[in-house]
Structures are given as structure tokens and as C-alpha cells.
Amino acid sequence: MIEKIINQYQKKLFLIAYSGGIDSTVLLYKMLKIKEKNPQIKIRAIHINHNLHPSSKKWEEHCIKICHKYKIPIITKEIKILLKKNIEETLRIKRYNTIYNYLLNDEILLTGHHLNDQCETLFLSLKRGSGPTGLSGMSIENFLGKKRIVRPFLTKTKKELQKWACENNLESIEDFSNFNIDYDRNFIRHKLIPILEQRWPFFLKNCFRTTVICREETKLKNIFLKEKIQNLINFDESLNIQNFKNINKEVCKALIRYWISLKNIKMPSYKTIECIYNEIICSKKDSNPKIIIDKNEIRRYKTSLYFIKIQKDISNIFLFWHNTDKKLLLPEDLGYLIKNDKGFILPSPKKNELINIRFQLEGKILILGREKRRKIKKIWQEHNIPPWLRNKIPLLFYNNRFISAIGLFVIKEKIINKEKEIQKNWKISWINNVHFNRKNFFLFY
């Protein structure tokens with residue numbers, strides 16, 4: 001089985017996640033057997049020391065010894081965590097991030113996950129109340145970023161691997177923390193699955209079938225959603241929800257979930273998706289609701305839904321631009337201002353006026369091309385600027401005299417010049433990562 005899986009890959013570079021336990025040990029020896037028949041195959045191993053057990057260093061030394069014995073290059077890395085909650089999940093994420101950093105572009109990561117692991121994962125997903133996507137469990141092949149992970153033992157039981165290890169007298173280690181039933185996975189492994197297997201010997205195989213069915217259903221659903229959502233994603237990657245009130249609630253929630261999945265973050269819970277629908281999609285047009293997901297916000301503006309990274313408040317920041325021959329860096333990755341011939345045309349400052357940039361403005365103003373003063377809030381709305389971006393636009397001041405929102409508008413002033421000289425202009429460009437929408441004449445990150 002494993003040989004058939006390995007031989008289907010043209011690139012013959014493999015990195016084995018090697019803990020020293022029986023599963024990864026069988027994987028290591030199986031790969032050595034395959035390499036004997038296919039010398040072009042190149043194998044490396046990586047061992048992650050979690051530093052959770054007094055014997056952690058001995059296990060690391062064991063892995064090094066075995067790899068040296070069979071002339072397999074090995075990488076060893078230590079990871080530490082400070083959190084005491086969600087230890088299993090935190091370690092898993094940190095372990096994969098570490099492995100990813102050492103995985104070569106053309107290299108395939110091999111792990112020793114087996115059918116029992118798949119069943120445990122299924123039960124953990126059931127405990128969390130997961131839907132079909134979560135119940136899909138692990139797949140034999142998937143991608144970590146752009147790099148491939150393969151689990152060649154996923155259809156094999158733990159007993160089958162133990163039998164092979166015993167028949168071939170393999171040296172492996174036993175992590176006794178795997179027997180600590182305070183951990184959810186261990187509780188399922190030692191207290192739940194043995195009883196189910198005793199009652200129904202075919203139970204593990206049927207668990208695998210369930211994950212396959214859920215994966216197929218998820219894939220089919222995503223094909224439908226991908227086709228449908230292409231017409232709903234705007235130029236700035238926001239989601240057009242104008243017609244959501246005319247669409248079935250379940251379809252709306254599925255579209256929201258799929259849209260969020262494109263952001264490469266951990267998928268929010270069912271409850272969170274429900275909140276997004278009820279509190280944002282179904283809210284009044286003039287409301288400004290938001291849902292926080294980790295370090296991001298889901299917000300609505302007019303007929304679109306936005307996924308925004310939470311940023312620091314810079315509304316009280318003042319920047320003085322003393323030397324306009326040099327560019328002025330703006331905070332929070334907002335780019336920079338530069339004087340050039342391609343920029344926004346502005347009246348030049350008077351002598352002794354200090355050029356400064358701010359990010360907050362209140363009250364009424366009169367802009368060039370208008371006859372009446374209007375509240376700044378109304379002007380932002382006219383320019384289609386959502387509330388969370390209004391304190392991100394550089395505002396040009398000469399001393400305390402407001403001149404312009406760079407790239408948007410200029411203040412209308414009555415210029416009294418006793419010497420009747422023509423007022424000079426200069427040009428400023430705001431170089432940034434903002435997308436300009438000429439049709440709706442503004443910008444979203």
C-alpha cells in the first residue's frame with residue numbers, strides 16, 4: 001500500500017516526521033525498504049522535541065542514533081509553549097510551523113497517522129460540534145501552504161503497524177504521556193475506541209468511510225460555492241451581500257463561510273457564522289455592526305461585507321514634515337507621502353507654516369467645488385469611505401489650518417494676497433497599498 005502511494009510521486013524527496021514512536025518508526029523502515037528498490041529516492045527525517053517529558057532528550061537521542069545507523073540525515077528542533085490551555089492544539093500548530101520551515105520546496109512530508117488517529121480526530125470533531133468539513137478528518141494527501149503532506153498509513157490500523165514492527169524487531173520508544181486520559185485524544189483512544197471495537201469490529205473502517213463521504217460532500221459543496229461566489233467578490237475582496245436577504249439563509253451562511261475560508265484563518269465556529277448572519281447581514285443599512293474573529297473583524301459597509309485586520313488607533317498621531325524633499329513615512333503600514341510631479345495638486349504653505357499630517361478631523365468643512373460647508377462625516381460617505389478607514393487617511397495641515405485629505409479633496413479658501421501674486425502650488429503623492437475604485441471613487445485595503 002505505502003509503496004504504491006510513494007511511487008505515484010515524480011519528485012522523490014521525502015521528509016519523515018519522526019517522533020521515535022512505533023508509527024513513525026514503521027514509516028521510517030518502510031521507506032528504507034522502498035529506497036532499496038528505488039535508490040533515486042532521498043529521505044530525511046525531522047524530530048520535534050516538545051520538552052514536556054523528563055525523557056524528551058533521551059527520545060531525541062534515540063531518533064538521532066537510529067537515523068545515523070541507517071545514514072538518514074535528521075533535523076532536531078525543540079519547541080516550548082507557555083500556555084497551559086489547549087496544549088494539544090497549540091503544540092500541533094507549532095510543530096507543523098516548525099516542520100514547514102525545514103521542508104524543501106520539492107520535498108514531501110510523510111507522517112505516520114493511521115486509521116485509529118483518523119477515528120480519534122472524528123470523535124474530537126464531533127465533540128466540538130463540527131459540520132461536514134470538520135468531520136472530513138485527515139486526508140491521505142493535502143497541502144501545508146504550498147507544500148505536500150502525505151499520510152500513507154491512514155487506512156491501516158494501529159494493530160497492523162504494531163504487528164509489522166514486532167515481526168521486524170523494530171526499535172521504538174513509548175511516550176507515556178499518551179496514556180494520560182486527561183487529554184481528550186487519549187481519553188478517546190483508551191476509554192472509548194476499545195469498547196466500540198469490541199462491540200463492532202468494523203467500526204474503525206466505517207469511521208474512515210464517514211470521513212470520506214463528508215470530504216466528498218464538502219468538495220461538492222465547495223464546487224457549487226466557488227462558482228456562485230465569483231460573482232459576489234468585489235475588486236477589494238469584500239463580499240457583495242446586496243441580495244442576501246432574497247437568498248435562503250443556509251446558502252448565505254455557506255457563502256460567508258466559504259468567503260472566510262479564502263482568508264487562510266482558522267474557520268470560525270457555527271455560532272460565529274450564525275452571529276455574522278443575524279447581527280450583520282440582517283441589520284439595518286445605517287448600522288455599523290462588527291464581529292471580531294481572532295485579530296480580525298468582519299464588518300459591513302453599505303452592501304458589502306469586509307474582512308479587516310484589527311489595527312492600532314492612530315487618530316491622535318501628529319507627523320511633522322520638516323523636509324519635503326524627503327518622503328514622509330506614515331504609521332501602521334499606510335505607506336508614505338512624497339513630493340513629485342505626479343501627485344495631488346495643493347496650495348503651497350506660507351512662510352513659517354509648519355506642514356503636519358494628522359488622522360482625525362471633526363466638524364464642518366467647505367471643499368473645493370462646493371458652495372456649502374458640510375459635516376466631514378457626510379463627505380466621507382460621499383467618497384464611499386467606510387468608518388474604519390476614515391482615521392487612516394493622511395490629512396494635510398499647515399499649522400492648524402486644514403488643507404486637504406490627500407488624494408481625495410482640497411479645502412476651498414479665500415486667498416487674500418496684498419501683493420497680488422499668484423499662489424504657487426505643489427504636488428503630493430500618497431504611495432500606499434490601497435486599492436482605488438474609480439467607479440465608486442474610493443479605496444479599500
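Cβ coordinates come from backbone N, Cα and C, glycine included.
The ATP binding site annotation in Swiss-Prot covers Ser19, Gly20, Gly21, Ile22, Asp23, Ser24.
Sequence features annotated in Swiss-Prot and their locations in the structure.
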residue	record	Cβ contacts under 8 Å, 6 or more apart
Ser19	ATP binding site	His47, Ile48, Trp59, Cys63, Gly112, Ile173, Asp175
Gly20	ATP binding site	His47, Trp59, Glu60, His62, Cys63, Ile66, Ser172, Ile173
Gly21	ATP binding site	Gly112, Ser172, Ile173, Glu174, Asp175
Ile22	ATP binding site	Leu161, Gln162, Ala165, Leu170, Ser172, Glu174
Asp23	ATP binding site	Gly112, His113, His114, Phe153, Lys158, Leu161
Ser24	ATP binding site	Ile16, Ala17, Tyr18, Thr111, Gly112
Neighbours of the ATP site Ser19, Gly20, Gly21, Ile22, Asp23, Ser24: Cβ within 8 Å of the Cβ centroid, same chain, sequence order. Tyr18, Thr25, Val26, Leu27, Gly112, Ser172, Ile173
Secondary structure at Gly20 (ATP binding site) (DSSP, helix/strand/coil)? coil
